[in-house]
Amino acid sequence: WAGNARLINLSGKLLGAHVAHAGLIVFWAGAMNLFEVAHFVPEKPMYEQGLILLPHLATLGWGVGPGGEVIDTFPYFVSGVLHLISSAVLGFGGIYHALLGPETLEESFPFFGYVWKDRNKMTTILGIHLILLGLGAFLLVLKALYFGGVYDTWAPGGGDVRKITNLTLSPSIIFGYLLKSPFGGEGWIVSVDDLEDIIGGHVWLGSICILGGIWHILTKPFAWARRAFVWSGEAYLSYSLAALSVFGFIACCFVWFNNTAYPSEFYGPTGPEASQAQAFTFLVRDQRLGANVGSAQGPTGLGKYLMRSPTGEVIFGGETMRFWDLRAPWLEPLRGPNGLDLSRLKKDIQPWQERRSAEYMTHAPLGSLNSVGGVATEINAVNYVSPRSWLSTSHFVLGFFFFVGHLWHAGRARAAAAGFEKGIDRDFEPVLSMTPLN
């Protein structure tokens, strides 16, 4: 059965399939959005309610106030309804083009028509898509600068919605992220830790996408590009799958490690954050009970509460030493020029820091498929799995599947280009000559 391959050369029907698919995606977004609004309990943090869409809306500054407290759920309702209505329009368009519209667009609408091997038209379509992506990046910039701002977990005095005023536009900073190593202490683009850099990065990215889009509309592929690529529908599918696979892996790491783009107030703490919160919580408790946290020794002879990192900073001791890179809004006020400041730990710990770290300690992003949260050996486990766990795991798995899909379709596309394609003959597959079921 050739399945989707039936549509390869029917641009009208393929358009119908893609518009209908977009309708399904937007319908899910709207329906799930309304489902989360209907189930939302303002007394509990979002991450305790298994929400994945409302945290994204809250991060964009809708419906929340200081500390990430939800003050108005109406914007969330509006978002759900808008997506639901949009999905109906897309669904109608998808059904129209799949069933009623012209099979191919080339004859009646040459602007929207194409042939897969027409390299000039393909790069023009690529250019149009890049411009749309660039405009999308600028939507976030406009929201942050002019339309109410976005939620900043690092805002002084606790997280708050604020307009971003002094963007980071310095190319050395923005592209410095891209040139960093992806490993500990460096963290590539996932290490971004202030909104100025994030929004400035979107200005750069939006500009590059728009300029690149214009370039691809105006130019034809050069000879080296014509030789390097396979120019067929299945080849483009494989390139797209490869790109989406990379996006999936990056999103996985971003939501797992980054607490600026994914504020812990909404998504729950990161793994390192929950671990450091536990060390902090017990440092506070034992210090109250009279422990001298600066000099107490642990069972290994290292500091029980505090020790030194490989580069000499004062860090939390115990197993959480491996997470000494962590930066979090509730912990940074206690750092001095040489790491954690002993005098601040003795005199300056605020009640909100104790509350926050106790909350994060008990909501680590650990959990199993049956929603039993906590370390595997925990006897008092609760019905809790962090949205970070769900989002990271799902994006890793999808990224992997898309990578395998890339390998599959790239192999088929190269084989077809070389003239030894395997599988059912698409023009004369057996099912075409069988009696219809009806």
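Glycine residues also receive a Cβ, built from the backbone N, Cα and C atoms like all the rest.
For 15-35 (among others), the entry in TrEMBL reads transmembrane segment.
What TrEMBL lists as transmembrane segment is 47-64 (among others). Beyond its flanks by at least six residues, the transmembrane segment (47-64) meets 29, 32-33, 36-37, 39-41, 70-76, 79, 140, 143, 148-151, 161, 261-263, 265-268, 363, 384-388, 390-391 of its own chain at Cβ-Cβ distances under 8 Å.
TrEMBL lists 76-101 (among others) with the feature transmembrane segment.
Residues annotated as transmembrane segment in TrEMBL: 122-146 (among others). Non-local neighbours of the transmembrane segment (122-146) in the same chain are 60-61, 114, 116, 163-165, 167, 195, 199, 202-203, 205-210, 212-221, 231, 236; each lies 6+ residues outside the stretch with a CB under 8 Å from one of its CB atoms.
Summarising the annotation, TrEMBL assigns transmembrane segment to 198-218 (among others).
Summarising the annotation, TrEMBL assigns transmembrane segment to 239-257 (among others).
When each of 15-35, 198-218, 239-257 is scored by its Cβ pairs under 8 Å to the transmembrane segment (76-101), the top-ranked stretch turns out to be 15-35.
Away from its own ends, the transmembrane segment (198-218) comes close to residues 123-124, 126-138, 140-141, 144-145, 150, 164, 167-171, 173-174, 177, 189, 192, 260-261 of its chain (Cβ-Cβ under 8 Å, at least six residues beyond either end).
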